[in-house]
Structure formats: C-alpha cells, structure tokens
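J.: To start, I am sharing the structure in question, which I have written as structure tokens.
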Ligand code: ADP
C-alpha cells in the first residue's frame, strides 16, 4: 500500500499523476508549464475538481516543492512520507538501459551522459529526478525508459546503412521512442482480442504531437519509425520525420539564417511537419478547422500526414509479413475519426475495413467490421500507469527481499 507519483519532466514542463497503488486509482493529476519563464502555469485535477494558477516558477526544484505543497494543501496527502515511490519517464536509455531501474547516483550520472542522444529531454529528466530524490528521500526513485521496449530490435533493424564503425565507436543507431505506450497498447490489444500476445502480429500507431509507428511480433518490438532521436519517421506536429539528409547541407549552404546544423535541426524539430506545411498550426484540431474553411495548405499538410502514416504502416505489414491488428493511440489516434478513416480506407487492400459507426463512437476497442480480415483497435494509451506499475514491481521486490532477509 502506498502512493506513487508518475512524473514526466520536460525542458519547461512537468506532468504528473498520483496513484494509489496497488489499486491503480488516480488520486490526482496535473501539469506545470513554462517553468523558468516569466509566468508559469499550474493545473491540478482531482475528484472532479479542476484548479489552475499562475506564478513564476524558477526551476524544477521549486516546481517539485510546489507540487508537494499543493498535494498537502488539497488534502491529497497529509505527509510527504505517504509517497512511497516516484517513477520518472526518461526519453533516452541508449544501449545501457533495456528495462526500468532504481535510480542511484551512478544511474543518474549515466542518464546525464545519455543526454547527447536526446539533449532536450535527458538534461531535464535528471534535474527532475534529483529534485524528487532530495525532497522525498524515503520514496523509491525508478527510471522508466521510452526506448526500453525497442531494445528487442535486431541489428538489421536498428543499424543505419552507414559505415558500421559509427555504431561500434559512437553508438549511432535507431533507439526509437514512445516504447512505454507501444508496450501498453499491444498488451491490451492481446487482451481485447482474447489471444496470446506471442502469436500476434501487431502494428501500433501512436499519433499525437509526436508520432511513431511500431511493428510488434509476438509482443516484442521488431522495428519502429523513430530513430537515433524522435525526429525520424512519420511527419508530426512540428517535426519533419524522414527527409533526405542532403537537405540539411543544402539549407546550411543556401539559407542565411540556417547556416549551421543546430539551426537546421531546430527548424526540422520545431517548425516543420504539420506546422511547416500549413503555415498555421501544429495542432490537429486547429488544422481540421482550417481545412473545413477551405485552407489549401492545411489540406495539403493533412494529406501529407495521412500518406506518411499509411506508408509506414504498410511497410511494417511487409516487414511482419502479415498483420492481425492495427492499433491507434495518443491524442490524434484516440480522438480523430477522420484520420483513422482515411488511413484505413487507404489500406483497404490489406483487408482492413472500418465500421463507420464504431469509428465515430470512438470506442475504446475494436472499430473494424466483423468481416475485416485485420482488426483495427482504438486504445487510449496510459504511460503514467505503466510507470506507476514499474515502481510498484520494484517496491514489491524490495519488500519481499527485505522480508525474506528478515526471516533468515
Ligand atoms: P503529445 O503527448 O505528443 O504532446 P498528444 O498525444 O496529447 O500529444 O496529442 C496531441 C494531438 O492530439 C494534437 O494535435 C491535438 O490536436 C490532437 N487531438 C486531441 N484531441 C483531439 C480531437 N478530439 N480531435 C482531433 N485531434 C485531437
């Protein structure tokens, strides 16, 4: 019995959920945004209540203190010591972390070292972990890696076809991302289909601001669209996804304000994708409004987005040499029926058929017709719950070890 915090600390935001474990009930959740800027915002939700507040938060340390005070203030905890575990989402685990770990000084140093693979996230992650370890010394700190689920990819899937010495000497390879989400929805898909996961060929489409497609065979990730960093793969809200790398050199040499690799990478990460083509927005809801009012570039961005998703899904059906079910998850995958409809219509040759009624209802479950050869599922992702479960597993292990030592 205990309360577990599931934390996702980014470069300027901190998202959290407080769970009662092992019951897995969500006690409260919230988000701090624009940390370190003039006006930070704090949103908290619990038991049907929603509160928001604005104040300057200078850094993650102050943010964590404010979070804990807020939990006390609303009576969600009476004492900091009620929080017995904190699970942290860590974006890059490199080749070192193939599963979740209990964080100590050594692990923290290794996570910092891996920051070169995801500089935006991995520097913010340890700062958040350190702040919680300092303020909640009694709570078990656990790091859960976004890349871990993809550690089953074979060399032929994760290597880039560049001289192999760059992998051997610099670890340049595909690591993928959104692993916690792909893992969670694939497990649930097997339950919903009432079939053992080890006999299923699945393609999972996590489509949110960031988007990635994963080929899952027998419950393990065999390939995924994101790469060394989360810039690769399909087109996203602000990220280009795959492009010819020669574009980078051409931009550096020909566009005055993009005269170095960092400036181009910033353009590809933050100003491209749906935002770059529409010139309006990175948000799918706003894009849909613009399309409805006849905006041509918004429509073009949408069409490009759909085609790139279709191409990756089809590619993975080929790689798996078959598919039992396609899973849609994350903000767009869970909520945008038109995106689902357009993708499935474009893949009907593979034997996928969507039920318009089920699709519009946006049911958590199967949305394909009874005749459809391939099942299509919508499954809301829950990375926070997976993180809380990982913490709970370590807590139980720790408890059992301590208990058995006590008896011996
Ligand atoms: P991330 O976690 O990567 O920031 P999310 O998974 O929250 O992103 O997804 C955000 C995206 O989901 C946005 O493009 C948003 O417009 C889209 N989205 C959320 N709700 C809806 C909806 N009801 N209809 C269409 N798109 C939606």
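The backbone N, Cα and C atoms fix where each Cβ goes, and this holds for glycine too.
So TrEMBL lists the following for this protein:
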| type | residues | note |
| --- | --- | --- |
| BINDING | 8, 383 | Mg(2+) binding site |
| BINDING | 15, 206, 207, 208, 209, 210, 283, 284, 285, 331, 332, 333, 334, 335 | ATP binding site |
| BINDING | 89 | substrate binding site |
| ACT_SITE | 146 | active site, proton donor/acceptor |
| SITE | 178 | site 'Transition state stabilizer' |
| SITE | 239 | site 'Transition state stabilizer' |
J.: Determine the minimum-neighbour residue: among 89, 239, listed as recorded positions, which Cβ has the fewest other Cβ atoms within 10 angstroms?
T.: 89
J.: Out of 89, 283, 383, point to the one nearest residue 239 (site 'Transition state stabilizer') in space (Cα versus Cα); all of them are binding-site residues in the record.
T.: 283
J.: Pick out which of the recorded positions 15, 178, 285 has the most other Cβ atoms within 10 Å of its own Cβ.
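T.: Top count of Cβ atoms within 10 Å goes to 178.
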J.: Please compare the binding-site residues 8, 209 by how many other CB atoms fall within 10 Å of each one's CB, and tell me which has the fewest.
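T.: Comparing Cβ neighbours within 10 Å for the binding-site residues 8, 209, 209 has the fewest.
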J.: Measuring C-alpha to C-alpha, could you say which of the recorded positions 15, 89, 178, 207 are within 10 Å of residue 383 (Mg(2+) binding site)?
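T.: Near residue 383 (Mg(2+) binding site), where near means Cα within 10 Å, the recorded positions are 89, 178.
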J.: Could you check which of the recorded positions 15, 146, 332 have their CB within less than 6 A of ligand 1?
T.: 332
J.: Under 8 Å between C-beta atoms and at least six apart in sequence, can you list the same-chain neighbours of residue 283 (ATP binding site), or say none if there are none?
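T.: Residue 283 (ATP binding site) has long-range Cβ partners 237.
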J.: Compare the Cα of residue 178 (site 'Transition state stabilizer') against each of the recorded positions 15, 146, 209 and report the nearest.
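T.: Result: the closest of the recorded positions to residue 178 (site 'Transition state stabilizer') is 146.
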